[in-house]
Structures are given as structure tokens and as C-alpha cells.
């Protein structure tokens, strides 16, 4: 058997192993979501109708919704809903949870992508400068900025950004109701496909500050990881060999150091996406961005745990899938990963 065939078979086994390991992780996540939704006393019907219905009517409503069934039966129904992607209907506004996720998921995806672009555009160059000029003023400033960025929560950075730039970036007023044909449920893409560039500009203006506020959560991680890994890479024997051959320092950093410094960032990208999705909840609520996170807070306030359960489950599944994809990419590009 050739080396190529052996490598292909090993990679296939690695992929299958990672998928198999993800199954119990998903199951644990589903159990946690289910339990958290039922730790608090009461249910959506009792919370919304408790003062309007007598005990008999309330019991009938709870029975019809299945809230008086044994927990194991409720959990089994929950698992079936996850497998079929049919998360039921909300109690507060009688909407399909799946429709809510489809209609509002595009806005959350847009915000998360914008935050990731911001973190990448700022974090990687600053990290390279800090690593290249170690212990110099640019490095000290970069380390301080990364620490502040990592420590500052969204509910602190969002108001500060609004106070500083809100009046010039369109954040002083909520996003206008745009008459854009829905094709992909990604508003900016739908506006571009429709050729409505005024709407695209409006969306970008309202996307700017939320993306920065959310991206600040992980830009510090990017700066620190790029800096540390570049410093380690530049101390390698192959770097010294390149310098001995007369390769210019900027080429050494760009061709050898940067490539090796970037791999660990890709490795932890799944965790950073999870942080972005978590931060998107508060970001969307503060900036009135029409994503799933804003809907989630509204449903939490209404004790509508059918909606909360479905949305949190989708968030968890998205994080698991992205983590798996990043593991596969990392196995292909990093020779240190053994499979």
C-alpha cells in the first residue's frame, strides 16, 4: 500500500473518531439545556396564564402542552425534536421556533462574521508587530490593549462605542425597516442581490459598531496568540538557517514565522466562535440588531422555554459542528497532528 493510501486511510479514521467523540459531547449539551430549562419552578403557561385561568383550566393547558408528563418522557420528546429539527411553537407569540431560527439566524451570522473579520484584520497584524518587536514600545502597547480587550465585556464596550461614534455611524437610531426581498435571510446579501446599494450601505453602517463591540471579545486572544507563537517560531533552527543564508528579515517573518504562528490560532478558532455566539446575545439586544440573540433574551424574559430550548440547542450544535470542521482543517495543515 502506498504512503498516500495509508495517509488517506489514517485521515478517514481520524475524522470518524472525532465525529464519534462529538456524539457524547452533543448528548451532554442537550441534557444540560434540558435541565437548565426546568430548574426554575413553573412553566411558560403558568407564568403567562397563571393569573388569568382557574386551577382546572391551567391544569388542562399544562396537560395539553405536555408539561405534566414525566421528565424522561419530556426529554425523549426533546431529543426527537432535535433530530427532526422541529423545535415546536412558542407559547408567547405562537411562532415556529424553526422559522425564528431561519429568519433571524442570518442576522446573527452576519454579525458574527463581521466581528470575526474585525478581530482578524486588527488582531493578526498587531500580534505580528508585537512579536517582531518584542519588549519594545509597540509590544508593550499591544499587550496592554489585548489585556483590556479580553477583559472588557460587551455591556461595557458597547455603550462606550455608542457614546464615541454612535452619531456618526448610524447607531443613534434603530435599523430602518428595509423593503428587501427575502431570498437568503441574510439581509445584507439579500439587499446586494436585489441591487439596493442604499440598503447595503444602511446595513453596513448599523453593522459597524456591533461588529467592533463583539470582535473586541476575541481580538485580544488573536494578538496574544500570534505574538507568542511568532516569538517561538523565530527562535527555531530553521529560522536561524534562513537568516544564515542571507534571507531578509521581513521575508523570514512573512514566509516562515507567520505561517507557523497562524496554525495555533486556527486550532482555537472554534472556541472563539463560541465566545462570539455567546457575546452576540447581549450585543444584539443592546444595538437592537435583529438576530437570534435578541429574540433569545425576549423569550427568556417571557419564560418561553420552548423557544429558549430550541435556540440554545441550535447554538450548541453550531459550535460543535464548527469545532469539528476546524479540527479537520487543522489535521490537514498542521503536521504535528497525528492521525
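Numbers here mean position along the shown chain, with the first residue as 1.
Each residue, glycine too, has its Cβ placed from N, Cα and C.
What TrEMBL says about a protein is an automatic prediction, not a curated fact.
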If you look at how TrEMBL annotates this chain, which of 1-20, 21-40 comes out as transmembrane segment? 21-40
Which listed stretch (21-40, 141-165, 261-282) has the most C-beta pairs under 8 A with the transmembrane segment (107-129)? 261-282
Any contact between the transmembrane segment (261-282) and the transmembrane segment (141-165)? By contact I mean 3+ C-beta pairs closer than 8 Å, pairs at least 6 apart along the chain. yes
Are there residues at least 6 beyond the ends of the transmembrane segment (306-333) whose Cβ is under 8 Å from a Cβ of it, and what are they? 11, 14-15, 18-19, 22, 25-26, 29-30, 33-34, 37, 44, 78, 81-82, 87-92, 97-98, 100-101, 105, 263, 266-267, 269-271, 273-274, 277, 292, 295-296, 299-300, 339
Report, as numbers and ranges, every residue of the chain located at least six residues beyond the transmembrane segment (21-40) whose Cβ falls under 8 Å of a Cβ in that stretch; write 'none' if there are none. 71, 74-75, 78-79, 82, 303, 305, 308-309, 312-313, 316-317, 320, 323-324
